[in-house]
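Read through the structure below, which is laid out as structure tokens, and then see the notes.
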Amino acid sequence: MTSSLSVIILAAGKGTRMQSAKPKVLQTLAGKSLLGHVLDTCHQLTVDDTIIVHGFGGEQVQDHIDQQYAHLPITWVAQTEQLGTGHAVKVTLSELPKDGQSLILYGDVPLVSCQTLATLQDANTDGMSMLTLTVDNPFGLGRIKRDKDGNIEAIIEQKDANSDEQQIQEINSGIYCVDNALLHKFLPKLSNDNAQQEYYLTDIVKMAVADGITIAAIEPEHTFEIEGVNNRQQLASLERTWQGKLVADLQEAGVQFADPTRVDIRGTLSAGQDVFVDVGVVFEGDCVLGDNVYIEAGCVIKNAQIGNACHIKPYCVIDSAEVGAGVDIGPFAHLRPETILSDNSKVGNFVEIKKSTIGDGSKVNHLSYIGDATIGTGVNVGAGVITCNYDGVNKSQTIIDDNAFIGSNSSLVAPVKIGDTATVAAGSVITKNVDAHALAFGRARQTQKNDFKRPTKK
């Protein structure tokens, strides 16, 4: 029978060096809170319960997680006094099952991988396992001291290390997998008899060794998995490290970046082969790119699906839209939520489309607003066409059937329908339905005054 798994996330720190009114764990990395990264990762495992220890800004932290992770059963425990990591875990004991095991994680160490946590859990065969790392410069970090047989016997802090111990390059990450029975046994015994007068979680290691427990240690695949965030410089550095990892994975899948250091992925991005991404492009949420997609500079693409062989020109914003194959977009186009562009359609410069469907091969080339509309196949929408969809209270639909032609600078006042192969003359204001194959115009008749003289200054 598999042992039950609890996750304890320590998220009580203020993050004074961030100089922010927002709790440190709510600072964002790749478009997601630091705490959100930890929750998403650990819940790729089979987790029975999650306990989050909160402190400074606890209401903000709870509100954020309740909104973003309402589907997760989370137990909240307050650490009213910041008395060290050992104390932070100790306050969870009233909520922690007596059996099973717990992963102890940190809300400001966001990039530990699911694979690493699974390996750490599997390594816990005698009551405790821990995540360590061998580094070139261990100064200031707790060293892992081993006996002559290679077993862990203690964690030595920098200030307590002798000259030999200071040469040790294996350091403690602070991430553990521990049997709950041992946590219930050891944590009440922690002492704050030290210079900082804090309760150190690392003290449970020497307690376990004294009980004859063999502590397993594993190392993560990447150094950044154990990097914490204490200030904005560290946050920015970790952001670039993570972006580099995301970009490298996409390059291996066949995506070409004009400059891998000048793109941001703030969510998940999957892409087909022979995709090109120019500089300054930002992806947010869940984005999917087909094969041979070409994205030029400065575009923002959020929660969108882009079909094969699409060309997105500079400075387009695409938000929660679905784009078919062979579509041309932009430059400076704005696709708002619930927009669908069918295959081989075209949306040109300074066009805004909201909650509308553009049919196969249809074109909205210049300076138009299309909202709450259904446009058929082979339709041409001229420059400056506006669908007037809002009367101040209600939104109404505009329907344009196949092969219609809408002349430039026309206003279509919804609700209205333009029939199949109908033509709307340029400059018209259309307030009534237009029959199929008809020509409709609604504008003042042109008059002309010959020999007209302009006013002159007196």
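Each residue, glycine too, has its Cβ placed from N, Cα and C.
According to Swiss-Prot, the region 'Pyrophosphorylase' annotation covers 1-232, on the basis of sequence analysis. Per Swiss-Prot, UDP-N-acetyl-alpha-D-glucosamine binding site is recorded for 10-13, Lys24, Gln79, 84-85, 106-108, Gly142, Glu157, Asn172, Asn230, Arg336, Lys354, Tyr369, Asn380, and the stated evidence type is sequence analysis. Annotated Mg(2+) binding site per Swiss-Prot: Asp108, Asn230, in sequence order, evidence recorded as sequence analysis. The region 'Linker' feature in Swiss-Prot is assigned to 233-253; the stated evidence is sequence analysis. For 254-458, the entry in Swiss-Prot reads region 'N-acetyltransferase'. The acetyl-CoA binding site annotation in Swiss-Prot covers Ala383, Asn389, Tyr390, Ser408, Ala426, Arg443, and the record cites sequence analysis as its basis.
Known features from Swiss-Prot, placed on the structure.
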| residue | record | contacts (Cβ under 8 Å, 6+ apart) |
| --- | --- | --- |
| Gly13 | UDP-N-acetyl-alpha-D-glucosamine binding site | Pro23, Lys24, Val25, Gly55, Phe56, Gln82, Gly107, Asp108 |
| Gly84 | UDP-N-acetyl-alpha-D-glucosamine binding site | Asn192, Gln196, Glu198, Tyr199, Tyr200, Leu201 |
| Glu157 | UDP-N-acetyl-alpha-D-glucosamine binding site | Gly142, Arg143, Thr202 |
| Asn230 | Mg(2+) binding site | Gly15, Arg17, Met18, Lys24, Asp108 |
| Asn380 | UDP-N-acetyl-alpha-D-glucosamine binding site | Ser362, Lys363, Ala404, Phe405, Ile406 |
| Ala383 | acetyl-CoA binding site | Asn365, His366, Leu367, Ser368, Ser408, Asn409 |
| Tyr390 | acetyl-CoA binding site | Gly371, Ser396 |
| Ala426 | acetyl-CoA binding site | Gly382, Gly407, Ser408, Asn409, Ser410 |
| Arg443 | acetyl-CoA binding site | Ala425, Gly427, Ser428, Val429 |
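Below 8 angstroms of C-beta separation, residues 18, 27, 29-30, 110-111, 222, 224, 227, 260-261, 263-265, 269, 271, 273 of the same chain, each at least six residues beyond the ends of the region 'Linker' (233-253), sit close to that stretch. Predicted-model confidence for the region 'N-acetyltransferase' (254-458) is 97, expressed as mean pLDDT. Looking only at the binding-site residues Asn389, Ser408, the densest Cβ neighbourhood within 10 Å occurs at Asn389. DSSP assigns Tyr390 (acetyl-CoA binding site) to a strand in the three-state reduction. Of all the Cβ atoms in the protein chains shown, 17 others lie within 10 Å of the Cβ of Arg336 (UDP-N-acetyl-alpha-D-glucosamine binding site). In this entry, acetyl-CoA is bound by Ala383, Asn389, Tyr390, Ser408, Ala426, Arg443, whose most widely separated C-alpha atoms sit 22 angstrom apart. A sphere of 10 angstroms centred on the C-beta of Gly107 (UDP-N-acetyl-alpha-D-glucosamine binding site) encloses 28 other C-beta atoms. The distance from the Cα of Asn389 (acetyl-CoA binding site) to the Cα of Arg336 (UDP-N-acetyl-alpha-D-glucosamine binding site) comes to 15 Å. Within the same chain, residues at least 6 positions away in sequence whose Cβ sits under 8 Å from that of Leu10 (UDP-N-acetyl-alpha-D-glucosamine binding site) are Val53, Thr85, Ala88, Val89, Ile104, Leu105, Tyr106, Gly107. Across the range of the region 'Linker' (233-253), the DSSP-based residue counts are 20 helix, 0 strand, 1 coil.
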